[in-house]
Amino acid sequence: MSDLMISGIPVSFPFEPYDVQKAYMERVIECLQNNTNALLESPTGTGKTLSLLCSSLAWLMVKKAQLQMNAQMGNFSEHSKSMHSNIKGTLRDSLKAGAGKQHKDNVGWGMPKIIYSSRTHSQLTQAMQELKRSSYRHVKAAVLGSRDQMCIHPEVSKEISNMNKVHMCQLKVKSRTCYFYTNVESKKEDRSVKGDDILDIEDLVSVGKKLKCCPYYLAKELKQDADIVFMPYNYLLDPKSRKANGVELTNNIVILDEAHNVEKMCEESASLQLRTTDVALGIDEITHIMRSFVEGNEEQVDITLDNSQPKDFTCDDLCVLKEMLLALEKAIDEVNVSSDGTTFPGQFIFELLSKAEIHDHNQMAVIGMIENLIQYLSTANASPFQRKGVGLQKIVDLLNIVYSGTSSAHKERIKFCYKVHIQIEERKNNKKFDGWSVLKVTSPKSVERILSYWCFSPGFGMKQLLEQNVKSIILTSGTLAPLKPLISELGIPIGTLLENPHIVKHNQLCVKIIGQGPDGEHLNSNYQNRENRKYICSLGRTILNFCRVVPDGLLVFFPSYPIMSKCQEIWQTEGIWSNINNIKPVFVEPQRKDTFNSVINDYYAKVNDSNSKGACFMAVCRGKVSEGLDFADMNGRAVIITGLPFPPLKDPRIVLKKKYLEELRMKEKDSLSGDEWYSLEATRAVNQAIGRVIRHQNDYGAILLCDERFNSPKLKGQLSSWLRDYITVSNKFSETMSEVCRFFKNASSQLPTPRLKPLLPEEGHITLESVIRCGTVSFGKGFAPPFLMFGDVTTISQADWTNGRPFQAIMPTGARTGGDLGLDRGTDITSSGEGERGAVSLRSSSGVQFSGTFCCDSVDTCSQDFRVARWATDPSRLAVVSLSSAIEKYWRIEEASGVEHIVLLDKQENVYSFLR
């Protein structure tokens with residue numbers, strides 16, 4: 001543990017921080033102390049997330065103690081009293097006691113919170129695991145998730161559509177017919193909920209099942225008291241989601257991690273497309289409800305609701321709403337539209353809605369009515385209500401975006417930041433399925449119209465955040481550069497900037513621009529070359545040659561799926577594909593999500609196969625592989641970029657974005673031009689793909705930019721700043737090959753290289769006795785994941801156990817845990833006796849007490865499905881084993897530093913990695 005003072009703020013860090021980590025924490029604290037906004041870039045592998053959490057929470061501790069002290073002294077001015085020199089210890093004590101809670105005595109203190117957002121829940125889980133391993137693990141933390149992830153109600157959780165889950169849940173909560181929801185009030189103070197442990201989504205679901213109370217609403221309870229709240233981007237950027245989840249931003253700090261896509265996220269969250277078939281479906285849904293009223297079948301309608309709950313609409317309401325939607329459909333159909341589509345100013349959306357009698361003064365009532373109908377339909381299981389409001393949901397989503405603000409300033413921004421685009425599209429099938437039912441919407445029309453309401457200013461959403469009176473906004477990522485145009489796009493004042501260098505040395509990274517293939521053909525992926533067979537073959541031979549010198553895993557990124565498919569087609573006919581495959585088996589990124597995991601796992605397995613020369617994974621920029629996966633060490637020794645991934649130039653949204661920026665530049669000379677933005681879109685995608693390699697301080701790898709255009713000063717300047725100093729250009733391909741070969745030869749001999757060394761050569765099924773080599777272990781029914789715990793036999797104390805010292809684990813999702821994987825954290829693990837034998841007492845997650853003995857040469861059976869033994873290769877370590885899945889394979893990873901990883905693969909192909 002390292003304690004340091006940064007700008008008067010005491011910061012605890014798990015180890016002596018690197019210079020880049022100190023610089024990063026200095027900028028975070030500077031931003032928070034000055035109430036400014038920040039853009040902070042620090043490459044992957046530099047400990048960005050840990051630095052961000054430690055520095056921001058350290059500042060928060062001081063701020064809270066300062067406010068508490070001022071309040072206790074009868075002075076609410078935070079600047080009027082100086083901090084006491086011994087405040088550091090007081091801070092920790094107060095946070096352990098839960099200083100995040102807004103007690104009634106604290107009203108008016110302005111106690112700030114940290115709102116920590118990232119793109120995906122897996123990224124949030126990783127951040128929470130970092131927090132668990134820090135000295136700030138006692139702060140009050142909460143995570144917000146969707147009902148899709150957290151609902152445990154047997155009926156609601158079975159719904160396929162998340163929208164349906166939302167409305168079914170809301171109705172059951174409103175009518176208090178959800179047992180799990182009604183249990184929240186009595187269970188929310190339970191030790192497993194309000195204890196010292198930080199609960200991620202998986203933890204909340206586990207606790208919810210154990211206590212039989214709703215994890216979703218437990219999370220909302222935890223949020224009230226939390227010092228730091230984790231949530232995905234859309235919960236923060238979407239005004240409706242903010243309101244629904246009760247996200248309060250006033251006086252709070254907003255952190256957007258992995259913010260390299262923040263501009264796109266801001267635009268997407270404020271945009272929507274509505275098809276005329278969606279409107280027709282909404283009309284059809286209303287008609288079915290009306291028919292039940294007309295036929296005197298209200299009892300059938302009422303049966304879907306609790307009898308004590310009155311209907312929130314009448315037949316007259318339905319008639320009025322149907323007329324509105326018919327008028328909206330007619331208004332869209334009557335717009336004169338060219339074959340390429342027609343674009344209108346943003347305020348045109350109000351003109352269309354006014355023709356449907358939807359205005360500022362009644363929009364809230366219309367939105368409320370539609371939401372009532374959706375909730376009504378979502379809870380109807382019997383005919384005729386099988387559509388569950390899919391069409392109506394699209395309509396209400398549009399209205400929520402259009403009327404996210406009603407001030408005159410908001411409407412002025414819409415005039416400039418938005419465009420309405422209407423295009424005509426042929427319908428492939430006149431019968432429209434809503435995705436959830438057997439009912440169909442039949443239309444005689446052979447074409448449909450698509451109304452696009454597009455936001456072209458990321459600043460539109462960012463300014464909405466500022467208008468909530470946030471204290472500071474911190475945007476951070478491994479790839480933000482270049483920062484100046486990003487600041488221009490965001491449209492908010494930025495007071496703190498950082499572009500951190502990498503922690504790796506020059507002998508760990510080789511960056512080459514390759515302008516010619518082995519046959520002398522110029523490598524240039526411009527539009528004219530997309531069908532050029534000679535160029536494509538030269539590119540293939542370039543990749544083939546690098547396969548011969550790059551060890552282990554090789555990643556190859558293409559600008560798009562069509563280009564990757566075209567290259568694959570030509571390489572197969574020319575024999576290049578088979579030549580590559582003979583050296584490194586080729587895996588191709590699938591477009592279907594359901595097959596992705598199996599493909600990527602097969603790639604990892606081949607790379608880690610001691611009998612192979614590695615593997616080659618071909619993927620696309622902006623795809624799943626390029627955006628969030630970790631290819632550390634041998635999983636990604638080199639990345640090849642085959643070209644610049646420019647967006648489709650003729651796409652209407654791209655055309656309008658460029659036009660919007662040109663109009664903006666007429667007013668603001670320092671803003672981005674359309675062409676500059678278009679170029680940046682390509683290089684930012686490249687920067688993100690490049691970030692898949694070099695994942696930690698001891699990693700090494702090569703970045704091979706196979707397009708001569710990367711040699712231009714303009715494009716070089718748009719690459720991540722940490723990368724630029726490493727770039728070299730060779731005049732001949734043979735020189736490049738020699739330098740890359742020499743780089744890997746030197747790196748493998750000079751740098752520590754963790755290796756997977758199979759201890760068991762058998763490919764077939766193995767039992768755990770082969771792993772522990774200490775008696776026979778039988779299979780039981782027990783818990784779902786197999787798990788091991790390692791700790792010193794005589795010194796496993798409750799404190800060690802609670803602090804997660806005995807082990808950490810990497811779950812199949814990639815999330816790291818310091819938790820118990822099946823045992824209640826905080827339970828004493830005691831040992832008695834000395835020498836070769838001792839007793840172990842354990843308590844399972846289900847509360848079952850049992851005990852057993854450990855010894856060096858045998859395993860005694862405990863009650864339930866646990867076995868206890870010493871680790872065969874290190875008798876001073878205790879291993880507690882639970883088996884409910886068969887272990888398929890087992891490796892030990894040895895690092896030069898002496899750190900040892902144990903890796904298990906179960907029969908379901910889940911990988912569990914344990915650090916020793």
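Counting begins at 1 with the first residue displayed.
In case you wondered, yes, glycine gets a Cβ from its N, Cα and C as well.
Because TrEMBL annotations are produced automatically, they should be read as predictions rather than curated entries.
Note on the domain 'Helicase ATP-binding' (7-304): mean pLDDT across this stretch is 83. The annotation domain 'Helicase ATP-binding' is assigned in TrEMBL to 7-304.
What TrEMBL records for CYS151, CYS169, CYS178, CYS214 is [4Fe-4S] cluster binding site. Following the DSSP three-state reduction, the secondary structure of CYS214 ([4Fe-4S] cluster binding site) is coil.
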- List, in sequence order, the residues of the same chain other than CYS151, CYS169, CYS178, CYS214 whose Cβ lies within 8 Å of the centroid of the Cβ atoms of the recorded [4Fe-4S] cluster site. ARG147, ILE152, HIS153, VAL156, LYS172, VAL173, PHE180, TYR181, TYR216, TYR217
- Item | Tertiary neighbours of CYS169 ([4Fe-4S] cluster binding site) (same chain, Cβ under 8 Å, six or more apart) | ARG147, CYS151, HIS153, VAL156, CYS178, TYR216
- Query: Given the binding-site residues CYS151, CYS178, CYS214, which one's Cβ is surrounded by the fewest other Cβ atoms within 10 Å?
  - Reply: CYS178
- By a three-class reduction of DSSP, CYS151 ([4Fe-4S] cluster binding site) is assigned coil
